[in-house]
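What Swiss-Prot says about this one:
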BINDING   LEU8, ALA9, GLY10, LYS21, ASP67, ASP98  GTP binding site
BINDING   ASP98  Mg(2+) binding site
Amino acid sequence: MRLFGLILAGGEGRRMGGTDKASLTLGGRPLVTWVAERLGPQVEELAISANGDPARFAGLGLPVLRDEHPQGPLSGVLAGLRWAAAAGADALVTAPVDTPFVPGDLAPRLWLAGEGACAVAEAGGRVHPACGLWPVAVAEDLAAWLAAGEARVMGFAARHGAARAGFPDENAFLNLNAPEDLARAESLLRKDA
């Protein structure tokens, strides 16, 4: 099994005042670094899905994939699937840039839950579909889904009967969507220190 990884960093950060969430800092380090350090060791290759100037990620040494037609996170997933398929990967594991506490065993647990098919993360009674595993074989169906105007990640996951991989830590998928979420994450860091 060849798993590739993708950090979804294409959002506009509207609830963060239009700030690029990838460059927001937590514990003095950019969010993109947190996710790269957690997801990178779990996959064979890692890339970032982002629009705008790719130079802002130059220090990470990772490929930056652009959306063909920006329609939300699934556009990034499609770019990642095509990149992974071209390199001979079996599946793509995705995590948003604003989930700095993504588990160190995300990829293997998603693979086991879905037995190689689509799978999404679940913690604290909530499903986190952007933290998912997507076989490269679903790329063309995803392209058709987006072309039909569909854009919901959970809708596409349900279309493919995505399994759910349960995680015990409800903070593992804490999304930093607003300033108060960032403050909560800083508090969790201090508590764990």
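Cβ atoms here come from the backbone N, Cα and C positions, even for glycine.
The Cβ of ASP67 (GTP binding site) has 19 other Cβ atoms within 10 Å, all protein chains considered. Around the Cβ of LEU8 (GTP binding site), a 10 Å sphere holds 26 further Cβ atoms from the protein chains shown. Classification of LEU8 (GTP binding site) by DSSP places it within a strand.
Taking every pair among LEU8, ALA9, GLY10, LYS21, ASP67, ASP98, the residues listed as contacting GTP, the largest Cα to Cα separation comes to 18 Å.
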